[in-house]
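Annotation source TrEMBL lists transmembrane segment at 108-125, 149-171, 178-199, 205-227, 239-262, 274-294, 344-364, 376-394, 406-423, 435-455, 467-489, 495-519. The annotation domain 'Major facilitator superfamily (MFS) profile' is assigned in TrEMBL to 112-523.
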Amino acid sequence: MNTYSLIDDRQSDIYITTPPTVSSAQSDSRLSPFLPLLTAFIMEFSRRDSASATSQDLHKDNVKSTPLTGINSVSPGEMAEVSRMPESLRELGADEVACLNKKLVRKMDLVILPIIGILYILNYIDRQNLSAAKLQGITNDLHMTTQEFATAISILFVGYLPFQIPSNLLITKIPRPGLYICTATVIWGSISAATAAVQSYGQLLAVRIILGVVEAVFFPGAVYFLSTWYTKKELGKRLAGLYIAQQVGNAFGGLFAAAIFQLDGAHGIAGWRWLFIIEGSATVGIGSICAFFMPEYPHNARMLTQFEKDLAVWRIESEAGAAEGTENEKVLKSFVQALADPKLVLLIFCNMMSQAQGSIANYFPTLVASLGYSKTISLLLTAPPYILAGFVYYGITFYSDRKNTVYRIIMCCIAIACTMYIIPMATTNVGARYFSMMVLPFSSVGPQILLYKTINLHLARPTAKRAAASALVNCIGGTVNIWASYLYYAPPRFFAAMGTLMGCAVLFACTLTFYRWFVRRENKRLDSKNPVEIAKVIKGGVTQEMVDLGWRYEMY
């Protein structure tokens, strides 16, 4: 008698079934690939993690056996997954699929992550170099007051925020999203370099608005792009890669600025103008090179063989339905679906409070300068906090992917951040204040990584809806940067800034707790198997296809 093991990925139970009317040869070809394909979906970031994940899935402690009831005992979700399985994958054994999946993920990591990371470093440096230019006298040369400089910082978001939504809706319909992102990089690099030519405050505002419009393409587009390639157990660490790149940009942006400022006066050009010329030109050159290597969607990526394309698409389809580039949903319909999803409102407010906390990055050089050191030393002191933040980001996302959780991590970050906000307000001791500055970047910004992971997994389908939701959350949430720029005055204690950020942290924690209750209630409705209750969940933003696949709101 032949037996076949089918793993229910959600319950982690093994059911033994025997098709009574199917021959051994037929059964092997139909069902035996099912186990290795499911285990292949949870490959981790490295070889060691991948092997560990596969081993854990193949050796679950909780095993149930059921009578040999035949093929009808297979759940609808399992049958849906089998019916979607590409022909090229059905003849492979467990070891083959696990090995090939590991190689595929490694190949994706070696190509996609370095390119996205480099582009984000350039994106953040070009957006934040105005803060560094302040230390080199841009306010004096352009005759700006403190309030006018704050306006120049925040005016970027006037262009940046509203254009994220149409850009992300457009990227779902573009067959080459990688080229789209790289083209935007070249354009914003040119605009950043042109900032060196401004001669007045009004000209600076105009350039900053245009820069914001073009940079709106990158971050929400990159988050969406990563979610088209990586599964739910892989996405967290890859999003962390974006934020680690951000911290590298912050850390080395200050170091690069300190080096470039040594050119102050060369050829009669001020140091802050050299900053924009050199960093903007570098962005144009690097963006042009990346355009030749940036992949597209899994189904049309030139870097993959046809077999690898089948496997890459199947990995995504098996979790939540249709993969990117295979749906025909209308953009406007998907946008309306995103607006009608009640979870979106809660996530938008959470992101608003989180981005308010993250606004500290826009003024971090100013905070460090309040310690009383020289301009060069202040720029150098901005590097260690960002380097530490990079390590912490990887740590929290590794834990999040491994344990499939985000709520506890976010709440822990919020608690740490609230403590750190108190220190600058309570003391002028340089050591204590710099300690808080070491901790604030990762504790204030870290929750944003896990929020974007939540958005892309809880608002998964249709794909255009997910793209719209991601842009809406980032767009509306980012509006806080407009008013948050006016908080950072009255050094060294910065009462207005630290007090406001603490209040935002508390509101963030309360809203996220309510969101947790909401999605856990939806899961109970799905588990009830009651058609009336399931209909309520579908009305709240889950597709019938996701229900058939046994999909659940996870991580909370």
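The backbone N, Cα and C atoms fix where each Cβ goes, and this holds for glycine too.
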Is the transmembrane segment (495-519) in contact with the transmembrane segment (205-227), using three or more Cβ pairs under 8 angstroms as the rule and ignoring pairs under 6 apart in sequence?
no
Close approaches to the transmembrane segment (406-423) from elsewhere in its chain (Cβ under 8 angstroms; 6 or more beyond its ends):
357, 396, 399-400, 432-433, 435-436, 439-440, 442-444, 446-447, 450-451, 453-454, 498-499, 501-502, 505-506, 508-509, 512, 516, 555-556
For the transmembrane segment (149-171), what are the same-chain contacts with Cβ under 8 Å, counting residues 6+ beyond its ends?
127, 130-131, 134, 139, 177, 180, 201, 204-205, 208-213, 215-217, 219-221, 224-225, 331, 334-335, 362-363, 464, 467-468, 470-472, 474-476, 478-479, 481-486, 488
Do any residues, 6 or more residues outside the transmembrane segment (178-199), come within under 8 Å Cβ-to-Cβ of it, and if so which ones?
119, 122-123, 126, 129-130, 142, 170-171, 207-208, 210-211, 214-215, 217-218, 221-222, 225, 269, 273-277, 279-288, 290-291, 294-296
Of 239-262, 274-294, 376-394, 467-489, whichever stretch has the most CB pairs under 8 A to the transmembrane segment (344-364):
467-489
Look at every Cβ pair spanning the transmembrane segment (239-262) and the transmembrane segment (435-455), keep those 6 or more apart in sequence, and say whether at least 3 of them are under 8 Å.
yes
Do any residues of this chain, six or more beyond the ends of the transmembrane segment (376-394), have a C-beta under 8 angstroms from a C-beta of it, and if so which?
132, 135, 237, 240, 243-244, 247-248, 250-252, 254-255, 257-258, 261, 364-365, 368-369, 434, 437-442, 445-446, 449
Across the domain 'Major facilitator superfamily (MFS) profile' (112-523), what is the average pLDDT of the model, as a whole number?
86
